[in-house]
Amino acid sequence: MTDSVSKAVARTIRAPHGSELHCANWLIEAAYRMIQNNLDPDVAERPEDLVVYGGIGKAARNWACFEQILRSLQALQPEETLLVQSGKPVGVFRTHADAPRVLIANSNLVPHWATWDHFHELDKAGLMMYGQMTAGSWIYIGAQGIVQGTFETFVEAGRKHYNGDLTGKWILTAGLGGMGGAQPLAGVLAGACVLAVECQESRIDFRLRTRYLDHKAFSVDEALAIIDKACKEKRAISVGLLGNAAEILPELVQRAKAGGMKPDIVTDQTSAHDPINGYLPAGWDLARWESSRQSDPKAVEKAARASMAVHVQAMLDFCHMGIPTVDYGNNIRQVALDEGVKNAFDFPGFVPAYIRPLFCEGKGPFRWVALSGDPEDIYKTDAKLKALFPEHTNLHRWLDMAQERIAFQGLPARICWLGLGERHLAGLAFNEMVRNGELKAPVVIGRDHLDCGSVASPNRETEAMMDGSDAVSDWPLLNALLNTAGGATWVSLHHGGGVGMGFSQHAGVVIVADGTAEADARLSRVLWNDPATGVMRHADAGYEVARDCARRHELTLPMAKELP
């Protein structure tokens with residue numbers, strides 16, 4: 001199908017709600033609803049193009065593939081598995097009831113050819129799509145999906161640099177897309193003010209509409225005045241500043257050097273991983289960018305990469321002023337390094353700076369979705385988690401804040417960070433709630449690919465591993481294989497998410513709590529094994545926190561005694 005025909009059949013997509021099945025059982029129905037939920041206009045960034053988030057992260061290769069995926073799921077039997085290759089349904093095979101109902105591989109290229117240039121050739125020929133992380137694995141839940149991880153990062157930054165108190169402090173960042181859009185709310189929940197630069201006004205308006213952002217500003221002076229007033233009044237607020245980060249950040253550096261306001265933390269979540277589709281070059285307007293991406297993508301890439309170098313240099317300038325500065329995983333430092341900024345890696349990534357100790361205990365982004373479409377199902381599961389983990393005061397605080405501040409996008413969903421020994425208990429509790437009728441329909445449980453054992457990304461999740469194993473990608477492959485063997489409902493293997501082609505490999509997992517005894521067994525296996533692979537991976541790398549965790553949970557790690 002050509003692009004023109006594909007766009008012609010585009011329509012508004014929303015997942016079915018309620019208890020009526022459109023597929024053979026709830027395991028298949030879950031996939032049927034979740035791919036559609038990914039393209040809900042309240043969820044996706046550009047649903048008319050099948051783009052969910054992250055530049056060009058898509059749910060299906062084209063509209064013909066999307067429609068065929070839905071038809072294939074409706075015809076799928078409980079002992080069959082659908083195979084999806086880069087957003088295209090390519091086969092249905094007989095397996096067994098405990099096998100995944102869908103297996104997905106997105107954007108995977110042989111390493112020598114794992115470049116954006118080669119990917120774009122294949123994409124143009126209709127042979128591949130970019131799945132990002134949760135876009136092509138059908139478990140994106142809107143900006144909430146990254147809020148708590150960003151919140152935990154900002155809280156840890158406050159703990160490390162400001163005695164645990166971000167009151168009166170402000171965070172400077174950029175990017176208000178599907179991932180970056182979480183930053184304003186996360187920062188405010190952590191107690192800080194946030195100034196986020198964004199070049200597309202529609203994205204600022206989207207975050208205002210979904211209550212992730214408090215104010216919009218059209219000039220640096222206006223934005224700084226709002227931030228300054230709030231900081232002095234000890235109020236946490238967020239401002240979206242319409243502008244280009246490669247222009248605004250250098251200006252803020254010059255103002256700071258001249259005695260003006262200085263941020264207290266600096267980071268970035270622009271879509272710098274994709275120089276053609278994700279980053280507006282300095283001096284360009286949106287119309288020129290849009291047309292040039294089609295007519296002269298190489299010129300766009302060249303200009304964008306040069307702008308990223310300027311952007312990173314400004315971040316370095318702040319870093320050298322003593323301001324905590326951190327890369328938030330979009331590979332912008334790598335681009336700047338390639339463009340001649342030799343000290344681009346002088347500031348760290350957020351995982352080694354703040355998050356790795358959590359990974360060592362198998363902690364990561366546990367998310368669930370109410371297939372009923374009823375928000376009350378989520379509120380009931382919130383209460384269940386509080387009862388299940390009464391000692392987790394931070395979890396209780398998060399769930400309270402989430403209920404108060406986070407607007408649902410599409411099917412009601414929740415995310416919280418849980419670790420090894422906790423995720424399976426949550427899954428079993430949800431399954432019991434479905435079984436006894438407390439919930440109106442089954443619950444889908446998944447996670448981001450950004451997790452403790454499911455990703456190899458040397459410039460992000462696995463940056464600066466203590467044993468030097470940053471680029472070893474056996475670990476996410478093992479994670480996917482184990483989750484398949486354990487009985488996950490669908491499993492995905494992707495390449496390039498977050499940081500772009502050639503820089504990451506990662507795996508996703510989704511499992512359904514449908515109230516059956518069979519689901520109890522699958523949930524027990526998958527939601528134990530999945531975080532356990534993260535503990536295993538970090539223990540193998542030499543992290544004592546992970547080794548202690550492995551011992552506490554009696555993991556069988558055959559070489560543990562021989563580890564240095």
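Using N, Cα and C of the backbone, Cβ positions are placed for all residues, glycine too.
What Swiss-Prot records for C416 is active site. When Cβ atoms from all protein chains are considered, those within 10 Å of C416 (active site) total 20, not counting its own.
For 54-55, Q132, 178-180, E198, R203, 244-245, 269-273, 279-280, Y328, G498, the entry in Swiss-Prot reads NAD(+) binding site, with the evidence type similarity to another entry. Cβ neighbour count for A245 (NAD(+) binding site): 30 (other Cβ atoms within 10 Å of its Cβ, all protein chains included).
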Inter-residue C-alpha distance, S271 (NAD(+) binding site) and C416 (active site) (nearest angstrom): 24
Cβ neighbour count (within 10 Å, all chains shown) around Y279 (NAD(+) binding site): 31
Number of Cβ atoms other than its own within 10 Å, given for G54 (NAD(+) binding site): 29
Nearest-integer angstrom distance between the alpha carbons (Cα) of A245 (NAD(+) binding site) and C416 (active site): 30
